[in-house]
Amino acid sequence: MNSFANRGMSFEALIEYTNKLYEQTGRAIVTKRPTPVKVLKLVNGRIKDGWFEKPSTVDYEGTFQGRSVNFEAKSTKELTRFDLKNIHDHQVQHLKKCHEHGGISFILVEFRTQRKTFLMQYETFAGYWSRRVRGGTKSISFDEFEHTAYEVPRGKVPVDYLSVVQKIWELREVS
């Protein structure tokens with residue numbers, strides 16, 4: 001699939017399509033978690049009034065090669081940074097818990113203008129989050145992504161994040 005075929009698709013739609021292809025080929029099963037909403041009013045099948053019942057965890061969860069996979073996906077138009085205000089503490093805590101139980105936890109960040117997507121492992125992301133909590137920089141620079149995260153290729157699937165996960169696992173198995 002070339003990049004022209006993906007124009008106009010939202011990042012979430014690209015991930016959904018990727019996940020569908022992963023499932024169809026038997027590579028993994030990864031689904032989007034629904035946001036728990038208390039619906040007060042529906043009009044023609046659309047929610048017109050309601051509230052979040054409780055904070056959601058992360059955007060996606062699933063299983064790949066017998067391991068749980070949990071990640072938050074974000075897209076930014078910013079040229080030089082990803083603002084950490086786009087991720088909430090309860091999401092970071094969920095990623096941490098999954099990581100502590102042996103799961104694969106990460107964030108996927110699309111820099112739309114640069115047409116680059118990065119996968120940052122939870123362990124790396126936690127350092128940037130901690131820096132923010134201590135009063136430091138409230139964002140992760142594009143340069144930091146280029147040096148501490150993995151660029152996600154576009155190939156047989158639009159956002160081939162599992163190829164990066166596979167690469168990380170192979171690196172861990174060797175060390």
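Every residue, even glycine, has its Cβ placed from backbone N, Cα and C.
The annotation in TrEMBL ties THR57, ASP59, GLN91 to Mg(2+), and of the candidates under consideration, GLU72, GLU78, GLU100, the one tied to the same site is GLU72. The secondary structure of ASP59 (Mg(2+) binding site), as reduced to three states from DSSP, is coil rather than helix or strand. Neighbour counts were taken as the number of other C-beta atoms within 10 angstroms of each residue's C-beta; across the binding-site residues ASP59, GLU72, the minimum falls on ASP59.
In the three-state DSSP scheme, GLN91 (Mg(2+) binding site) falls into the helix class.
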